Amino acid sequence: MESITLNNGIQMPLVGFGTFRIQGYNVVYQCLDAALQQGYRCFDTATVYNNEAEIGKALKVLLPKYGLNRQDIFITSKLAPKDHGPEAEAAGLRSLAALDCDYIDLYLIHWPGKQGWQKEDPRNRESRRQSWESLEKLNQAGRFRSIGVSNYTLEHLKEQLAWCRVRPAVLQVEYHPQLVQQDLLHFCQEAGIHLQAYSSLGVGSLVKKEEVKRVAERCRRTPAQVLLRWAVQQGIGVIPKSASPTRIAENFQLTDFVLSVQDMEELNQLHSDTHYCWDPTTVA
């Protein structure tokens, strides 16, 4: 699978394995086993997923099974919204301990606001800054090889770039044909920030759309593969999640077909500014 080079020179696989709502050691083990077998080498978790410890434990067992070492895989985790501000450094160290790793490849601020505060609360700006400065510290100490943000709007990103010492390597946001954030994508491309998409399938809703099914039939692929390929073909990373070995395999098979200009245009026409997950646009 293709990798991209982040703005700090580190390589990151374009297709990763998402672990949201994959919990319990046995389930985590089975999913990671299936993913590693297919060739996934990038794994996305977060403090709020409550599975960091299970992932760390499972990888310790599974990596030797596939002849892999820690440096052969890429692990992403994220700061919980409750830990914004002065608590961010300690929270990052807890993620390292839970994953039982000397370093995390990519650590993201999960959400631009602090849990328990109103979205419009102006204190969110200073809280974000404190959090980022903690991430910069752990980055410079080698504990986080790369740092980035998630669910940031264009305004949040511009605000941070005005003062940060370390530029975000990655922005992870909801991005799919019904939420084509072109301005954000173009800004990231110009700023050297890799855009990674979550909820590429619109929490399952997009695969049922007739327009997506029509493109899938033409390509002789599944609707999920078409939606993931739509992103990858634009240089956007994806982190599909599934607990089904069949779907885990399908979601990784994205390099043996190409969407035509017509296919891409038909999918782009689905844009309706629809958020299936969280909408950060009102966070101060």
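Cβ atoms are placed via backbone N, Cα and C, with glycine included.
Under the heading domain 'NADP-dependent oxidoreductase', TrEMBL lists 16-270.
If you look up TrEMBL, you'll see Tyr49 marked as active site, proton donor. Long-range neighbours of Tyr49 (active site, proton donor) (same chain, six or more residues apart, CB within less than 8 Å of its CB): Thr19, Phe20, Arg21, Ile22, Gln23.
Shown in sequence order, Thr45, Ala46, Thr47, Val48, Tyr107, Leu108, Ile109, His110, Ser150 are the residues of the chain, 6+ apart in sequence, with a C-beta less than 8 angstroms from the C-beta of Lys78 (site 'Lowers pKa of active site Tyr'). Positions annotated as site 'Lowers pKa of active site Tyr' by TrEMBL: Lys78.
Cβ-based neighbour count (10 Å, all protein chains) for His110 (substrate binding site) stands at 24. Look at TrEMBL and you will find His110 tagged as substrate binding site.
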